[in-house]
Each structure stands twice: as C-alpha cells, then as structure tokens.
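S.K.: Here it is, the structure, as structure tokens.
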Amino acid sequence: MTSAEKSATRNIYDPSALPDYDTQFIKPDELHQFEKALNAPAAAPLVAINDWRPINQRVRKNRRTKPRRSKDETREGVLYTVLKWPFLFIVFAWITVLGIAYALTRLYIFLYEQCVTWRGKRERLRRELSVQTNYRDWLTAAQALDTHLGNQKWKETDEYAYYDHLTINKVVAQLKQARKAAESEVHNGRSGVSDLPAVEDLCALLEACVKNNFAGVENPRLYSESYSGTKDLVQEYIDEVQACMQLILDSKQIPAEEKYQHFKHLDTNFGRTALCLSGGATFAYYHFGVIRALLDNDVLPEIITGTSGGALVAALVATRTDEELKQLLVPALAYRIRACHEGFTTWVWRWWRTGARFDTVDWARQCSWFCRGSTTFREAYERTGRILNVSCVPSDPHSPTILANYLTSPDCVIWSAVLASAAVPGILNPVVLMTKKRDGTLAPYSFGHKWKDGSLRTDIPIKALNLHFNVNFTIVSQVNPHINLFFFSSRGTVGRPVTHRKGRGWRGGFLGSAIEQYIKLDMNKWLRVLRHLELLPRPLGQDWSEIWLQKFSGTITIWPKSIPSDFYHILSDPSPERLARMLHVGKQSAFPKIQFIKNRLKIENTIMQGLQQSSPGGDRVLLPILSRRLQNRAQEHADAMVERLDHSFPERHSDYKDESHYTEVSDSLSTNSSRPHTPDARRGSIFEEMRRQSAVFFDDPDMYGDEDAIAT
C-alpha cells in the first residue's frame, strides 16, 4: 500500500475530516418547543351536536340517549368467541411447522448450490466479484464471469420471451431513419415543426415509444440473465432513443414552446424514478453503502423516500450536496451515530416508567445533525434539488398515513418527521410533528396530533409516490430483517442470474424452488386468513400483520446481505469497523443493479433536461444536481452514446410496413448492420402465431394484489 493510499485510509476513519462534524445545528429553544409539544395534553376533537348548537359550552340535551355499545360489533357472536383462540392456536402451530420446513428447504438449496453450482473456475470468478470495491473493477470481473458462463451469446440473440423483440427491432430501425432525415432538415436551417416534416415524424415516433416499460424493455428479467448488462438490442434501443431526444433538444429551429410540450408529454408517459429506503433499525445503515454506490456512478435519483431507519439515511442524503455526501459516507460517520449510547440500567428504568426504551428529546438532538438542524422539506429541496419523502403513521389507528414532502408538508421540520417515522411502539413513544413558522420558531404540526413508525403500514409508499410525483419505477433498498429472511429469487434477480443450466434452471433445482415457493405462499395465506377474520390480537393497539403483508419490493429491489451478528447489534450504534463492512456490503449489493438504473435514467434525465431548458419563464436554469449529472454522463459515456449522423447510417432490416407513425426502411441499409440479430421473418400461418404466443411469459410480481406478502 502506497503512502497516498495509507493517508486516504486514515482519512476515512478520521471523524475530524467529516463536514460539520462538531457543528450543533439545532438550537436549545427549538428542543424546548419540541419537549413542550410532547408534554401538551392530547388534542380533543371539537364536535358540535348539530349545526346550530355551540361547542365547548353547556347545553341542555335530550334525556333520552341511546346507550353506547361497549363491544366491537364485528366480533360478537357465540361461535366467534368459542372458536377464536382454538383456531388461532392451530394456525400459529401450523405456521411454526411451515417455518421449520422453510428453514430446512433453504438449507437444502444452499447445500445444493455449494456442491453442484459453485465449483471450479466459476467459484473463483465469483469470489473475485465479491471483493471488488468500485464499480469499474466489479464490472470487469462480472464480464469475465459472463464470458465463462456463456451469457454473452444470450445478449447477442434478440429473441426472448419476456419482451417484444420484433417491435423493438422495428422501432430502432425507424428511429435511425427518422433521425437521419431530421438531422438533414435541421442542418438546412428551416424553422418551426410545420416546416420540418422529418422532425415532426421523429417527435411522433418518440411520443409513441418513450413510455414506461415500452414493449417490455424495462422488465427486470432482461437484466437477470447476466451479471453485466442486458440484450444488445435493448441497449441499442435505449441509446437510440436518447440520441433522438438529444437531437430534438439541441435543435435551434424548433420553438421552445413546442419543445416544452413535447418533453412534457414524454415526461407524463415515461414517469419518474424514486429510491425507497426501508426501515430495519440498525440494519438501515446498509443503505449508506447503497447510496455511496449510486452516488459514485451518478445514478442517484432525485426522489428519495425513507421509513423508520431509512428515513434517517434519506434525510442525510436530501440535505447534503453530492460533494458533502462523498465526504460523509465513510466509516468515520460512525462517530456521529450515537442514538444508542445509554447504558442498560438507564433504558430499562425509562422503559418501565414511560413504555419506551429511548428518550425522544435526546433522539431529536442526535437526529438534527443528520438533517442539518431544523431544516424543512421545502428548504432541503431548494438546497440540493432532491425531493425527500418520509412515511408517518398517526397514532390513531383509524386515520390515514401521511407521506411528508415539500408538497404535502413544506414547512414541516425534517427531524420531527424522521423521529415520528422511527417511533416503534416500545422503542420510542409517538411523536409530535413540528412546523417552522415565518419567524423561524417551531410549533406543533397538524393540531399537535402524534405520529409513529411508518413501516408499520407503508414501508414502501409506492402509491403515494405515483400520486404526487408520477413515480412508476422504484429502486427499493430493503433491509428489514424479518423480510430478508424470506427473500429468495428462484429464477435470479437483476445482475444475479441463476448459474444452474446456464441461467435456464432454477435455484436448488425445480423441486427445491417449488417447495420454497409453496411453503412461503402457504404462510402468506394463513396470515391473510387470520387478518381478514379479525382473529389476530392487537398489542399496543397496532395491527402487526401489516409488517408481513404489505408490499416490500419495487421494480428493482436491492437486498444487502446481513450476518448473524447484525441481529445482536440491532439496537446498538455501529463501530467504524462495522460501518465499513456495511458500506462495502451495501455497495456490493447495488453494483449489479447499476446498469439497469443507468439505462432508465439515461432517458429520464434527457427528458428532464428538455423540460428545464425549454420551460417558459425563469425556470430554464438547470437544477445543480441535474446539470452536474448530465456533464458527468457526457464525459464518462461519450464513447457509448450514439453519434450524430453525418452520412449514411447502417440500418437494420425490417419488414414492418407503414402503420401510424412508422415508415418502411430501405433494404439496402440492412446489409451493413454492425450487430448480429434475429431475422424478422413474417409469420406464415396461424400455427406459427400460436407457437409464438405460447412462448411469451408474463412476469407479474403483483399477481396477488398490491399488498403482497412475504417477499418473493
């Protein structure tokens, strides 16, 4: 190790090198206001008897009042009372048996993979993959493993059952031809879309194909058959779409208003990408490694949501710039994580007196450093351009959850939302959200009502993100320990293919995967039966079945691999050495997903750039995070981008006829295609069409509804 490397290693363990390490952002008066709000009496709802009678005053009521029912009407009945506990005992006993069988099945699959799959050279290449510390070296090792396993041949073949390769072939050919004609028109100097028919055709083509998961090109299965990348045809399609949009964006002849309407249409159809950080107590520190991997490769989404422990990480990311994050996401950050610094006797006595292990005001003081003091959601967005979202659940079980962000609660103080999202019953008592007034002082938010852990109901708020920000592509970093135990992808996941039978097999063989799926779905079924029959007890007034039966995955799900000692330290502060390991594991778990995320953001960032530069008024200034990302992408990936056409471009052969926006491609252009592809022969009979349809598979992770259970 050179002297420079030794110095760099010392710096990442030196707390004094952290930005604002000794800064105390929060003011004592703000903590006092928070403590006062916590100790205030519960807010009573103001209810009038009718429209004309006053409230909070004595009134003469009718003496004939109906007696209030003291029982839950849905739980009355002789059979319910007699059968509830025996049925509950039998079901729990059966779930226990299924749990033991599941553990034995997973042990069998583990031994099967170690003894049958990972042997010889492939095992050596896999070990080299697991020790890489940066994405460039990891990608080199992944490509070597793909070459050894024969995955490169799979990339070169267009046909695949999980996307429509025929449509993608035709669209790529049409885009290339339309881009060539549009460049010729733009270079001639004419202005206005009406005077540029080729540009108008190109815009129509883009509006037809720039959509979320168009023809299945964003199906995770396309990235689950190799360690690096996807089908060559899919990569060519993404590069060509980005090049065509860049042509429209750079054109001086197209009026800004027409550009804006075009990119607004694309933005609505394509949607946005969000990073979702799950809860999981101290397991949430694995998120730091995931964030660091995405940050180093310029693929960190602007929309970030966090729940419970993930909310603390999301708050740190949303309140710091990229440069500050690169200095903060190092092992020395462990010196600032002091939430569990109290001794055993202290927290036991507090739990006995208050019902919570940790002190809320002390946690507010510790958490405020990660949020840069009493920063609000609006202030964080204005400082970094990132959109922070935090899930909070009201202490009243009948009230809806809230996704706090700069739209729904712009003046809400971030650290109060983070505390509320982490207020697990028995760990931290429900918390009052705080809002910042115009004079800078703090006051209770939402009439002083209290909130608690968001992961109890909505660990991953996909629906709310789609409602507020048109998010339809989610990157989920999932570290909940009770969910990670049941994570198993029988056919591989993004960047982690099944090596058995060259990716065509099942983990542990078909029998092992079938048994695993059956047991997991059976446990899921019985938990749902108990919940729908209202047989589950509700300790602390909480329906705990939600921690199993909600949806915990996204379009891309990152699962950092935990170790047994993490369960022992689940409520303790990490040491620098343990945080260094969690950073490495988090980065390793994110590396296989980066190429998929890059392809998604390549199109999304170009759309956002078009909206920013062509929007009317004074909104044409690029956000710092977007402009910096676009500059880095242009510098690092210039060799991979499709260049402008100055001469005849070799086209792919297509039999696609003129329909809607598409036109026929000349056969002379197909002979010089630089990439081997599957012939686009027209199907000659109904039997051929039936054969093709029967070979198409639909990978639907939501087949059991929005509240999918234990992760699959």
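Just so it is clear, glycine is given a Cβ too, placed from its N, Cα and C backbone atoms.
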S.K.: Under Swiss-Prot, which of the candidate ranges 71-75, 306-310 is annotated motif 'GXSXG'?
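M.R.: In Swiss-Prot, the motif 'GXSXG' feature sits at 306-310.
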S.K.: Taking 1-20, 141-160, 261-280, 481-500 as the choices, which stretch does Swiss-Prot tie to region 'Disordered'?
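M.R.: Within the set 1-20, 141-160, 261-280, 481-500, Swiss-Prot attaches region 'Disordered' to 1-20.
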S.K.: For the domain 'PNPLA' (275-466), provide the mean pLDDT of the predicted model.
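M.R.: Within the domain 'PNPLA' (275-466), the model's average pLDDT equals 91.
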